[in-house]
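One structure, pasted below without further comment.
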Amino acid sequence: MGNDRKRTVAHCKIDAQTKRLLVLYFNVEDIFLNQSNLTFCEFDRDFVLKQKKEFLVPAQMMVHDWGFTEDHYILIVNSVKLDLPGSLKALCGQAPMVSAVSTNPSQPTTPVYLLPRFSDTSGVNRDWRIPVEAPSQLWISHIGNAFEERDHSGNARIQIQAAVSSYQWWCLEKMFGYDFQSPEFDPSVMNVVDPEKTGPHLVQVSIDLDAEGSCLGCSVANCSTQWHTFADFPVINPAHSGRQNRFLYASSTSGSRKFLPFFPPDTIAKLDLCNHSVKTWMPGKRSFVGEPLFVSRGTSEEEDGYVLVVEYAVFKQRCYLVVLDAKRIGEDDAVVAKLQVPKHLRFPSAFHGFWDAQ
């Protein structure tokens, strides 16, 4: 993408309003430093660079996912620190480079950086280098959406929907059950530290700003009063990215398994953020699911579309691409199609992607 010296963050974004692809780049070495050089680039449909913004964020962090609104790039800090023994192992080739750092749960709050997307908007006098402090210690795994609304006085409320967990739940060397020393996928490590209390769950972070950009308050609440269980990989109808949405889809767990009760996920959950109701779909016993992906039918109705998900049928050693009718999730006829994936194209667990209508 024209940025050879930097690395690309795992998650790219699409702004349906401006029809732009948003990409975040970072310097690999910054994970060892107390500051991070970040570059946000916006491309049009022909991959022509339309905008480039650079920020030197005063924080040592691991960047995996991020969000955007009409006026801001949203960056929630996952704090890390140098791990000297792990660094020596990594330098000797006995451990992956991620072993050179460890999670740093030294602060009781979570810094949220509101980076100005454009030079002529997003607050008059606000210093973006001063983060908003969310009143909980959170490790952000994935962000489903972020949007902001302003009242007639210019005050703004920014809302961020994300999957968060405790710092204690994460094992960076064996993230999602992958171990560089073994070709086998072993998710048991993600079930060791009580996932029901420490593992990923869906929250909404709300930030209130006055007309000058000063923070009036920040709060964290569950996305649904009816769904507090393990959930990750939140997605929405991409046509609503960066603006208010009603529905949120995520990989979750039924809690019915005695072995590996929480991870990998075995349920697709559909949350209605207005009435807090939750509807679910499960593939069946001895199967688990990957990250959902929403494909719109092209109408203005938010839930009018399909949810694509990979089903991993462990007992058959096969993968299936399942197409769900987003409106019918929770009903017996939710499955529109189920396609067997050729064995040599087996999808890895926790892979990321998005749908391109072209």
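Just so you know, glycine gets a Cβ as well, placed from its N, Cα and C.
Keep in mind that TrEMBL annotations are predicted by a computer and have not been checked by a curator.
Note that this is a predicted model, so its numbers are computed, not measured.
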Of the residues H11, H72, H152, H344, only one is listed by TrEMBL in the Fe cation site with H64, H142, H352. Which is it?
H11
Name them in sequence order: residues not among H11, H64, H142, H352 whose Cβ is within 8 Å of the mean position of the Cβ atoms defining the Fe cation site.
V9, A10, D65, S141, I143
What kind of secondary structure is H142 (Fe cation binding site) part of, going by DSSP in three states?
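Looking at the DSSP assignment, H142 (Fe cation binding site) belongs to a strand.
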